[in-house]
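Engineer: Pulled from TrEMBL, these are the listed features:
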REPEAT    163-196  repeat 'TPR'
REPEAT    296-329  repeat 'TPR'
REPEAT    460-493  repeat 'TPR'
REPEAT    494-527  repeat 'TPR'
TRANSMEM  53-77  transmembrane segment
């Protein structure tokens, strides 16, 4: 080839070679194919006048252009078949162990490729200033007659353009999922030995999709070995970070990501940083990096991250936003349903589960797949069974409407029972005699009816008296039996319904209690206390008493009570039900003989106001009435340390270990006393002492009712001690052999089996409970969790649908949410 410079155009009048070649530098900062074409067309005429330069540059670049066009055309025509073949091949081979653990989402890999994109078309893959200098230098050499040196520089520039063209072609093929051809393009770019690390890391990604671990490792090694080529370029820190990340060096990758040498690839860096922080379990930092650059597709990840931090409202906000953009993503809908359960909004959770089931046409296989995507695990409610959480949240725990104290249960504990209806019995007998003795027309049928009524009331009174005697010995089971007999004798006895309702309330069967209290009030609306307790029981049973309370309030305003203290007491109580925040109850001082329920109401108001002294004073007054009552003494000691660290309650420990505890009252009495005995023993470390006490008493008792109560207490103690097998055995004996099938023993039996991992047995106990107590929310909630864990979302929905409260929190059951992980939940 003739190397002498052309003579047709004087050097001073010809266009500068740098000017004519300036368009070529676009190859290094954007898509090379259109830029190359534009440059060639624009310089065609002038290059023809420079035959040597025309041959040396146009020939090489023209060939490269034709090659690129052919490859693109071939890719467009054949990439679908190629993709199918490669995907089938990939599915037959084992996935790459390391990368599968940290990367599953194709879009995430492609977004991390270090290549110009539409949103960042000006990002250079090499030092543009250096290219400009090279062009100027080559032009200067050419004008000085140093043709050979000038052509060597142009050859170097051509190599660089070839490298970038092949690299970008590979990226196009990657996005078409034509990974085999992409790999070949990256190999050609690597062969040019320019920006080797950039092309190598993209080749590594292609190898990943082809499930070729050997190639993956080779390209990763090549990336790290050739980083020095770009160490002074803005892209250096990002490529270095990717190399560390895909090599499994997460800590080092995080360091370089958070300390970049330029602002290039900011979004990709922030996204990868978020992922790295999640690898280290730092959800807050992951949110910090992802949130500022989040796109709609990121809202799901952000929702799951916020759920992990416990910010469920923010989690639901992001998931709702994601759902509005991607309504067919059933996984996001399931995540929303799980979070709704966590916040206690069961109606919303049921609605989402219903939408999900319709979205998958109730396909059982899809149900199982979705359940496995975000599996839940039923557990014991840590707010009541985990010592660390109890000690941390003791004064903030919600006892169904009362923070810090089980106020409603305290009101039931100190509530009075009703006496016999002797006056009504005598009145009926006298009225019946009147219809027989009068000299006029005698109404024998009416007389017989009234006398029979008087007789029935008398029989009912006899059973009521027996029940009151049992209550004096704190034998609630025996008293309940007597009151039920009284009700059989006189079915319309408001007194019997009231007394039965109160025992059910003290045994924590609030559905039954609500029914009997309402019945007592409807039979005698002068029984205002029965109506008040109907409202309280309904609240604990998660029923809505608003309409009933409105009627009760109106009836009371029209009621004439001669006893002013009684009127003031009931007025203050109804005010409490209607949300009054404070009432000094000054009328108590006027009472000749204050009743325990007066001070219980004072405790309710004091707890609302967080008035420690008022709480202490109320329990002091109750201690005077019940000096040896275990529950009263425990609450008194607790109030001395109100809102303080519960580990400071040494007075409770001292009292529980003293001989002052009335065990007869404790073992037979209301569940609140039994539970607080065990609960405070758990907190103060006395469970072993209490277990021995209960076991000794059980071994010597001949009383069947007492044995039942002792065994129930022993089972609960065993659960707190984490002796789940012992608890399960006791409860199984109670349910199967002694037919003790109340809500609590069935729920505790389920809990013990959940702790043992026997989820099938746990569900069986709750199925029994659901049959017997279909309105019990704890039962429905626990059963729904167990079905959802098993992947039976339809059965789970059937259980959850019965829970109407938007703020339900079970006292027994909770569940663990699977935390969002980088490989599955991060885009």
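Cβ from N, Cα, C; glycine included.
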Engineer: Who are the long-range neighbours of the repeat 'TPR' (460-493) in its own chain, taking Cβ under 8 Å and residues 6 or more past its ends?
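Structural biologist: Here the qualifying positions are 417, 419-422, 425, 499-500, 503-504, 506-507, 523, 664-665, 668-670, 705, 708-709.
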Engineer: Who are the long-range neighbours of the repeat 'TPR' (494-527) in its own chain, taking Cβ under 8 Å and residues 6 or more past its ends?
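Structural biologist: That would be 409, 412-413, 415, 417-421, 460, 464, 467, 476, 479-480, 483-484, 486-487, 533-534, 536-538, 540-541, 543, 548, 552, 555, 559, 669-672, 742-744, 773, 775-776.
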Engineer: Using DSSP, what is the helix/strand/coil residue split across the repeat 'TPR' (494-527)?
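Structural biologist: So the repeat 'TPR' (494-527) is made up of 27 helix, 0 strand, 7 coil.
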Engineer: For the repeat 'TPR' (296-329), DSSP counts of helix, strand and coil?
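Structural biologist: Taking the repeat 'TPR' (296-329) as a whole: 28 helix, 0 strand, 6 coil.
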Engineer: When the repeat 'TPR' (460-493) is classified with DSSP, how many of its residues are helical, how many are strand and how many are coil?
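Structural biologist: So the repeat 'TPR' (460-493) is made up of 27 helix, 0 strand, 7 coil.
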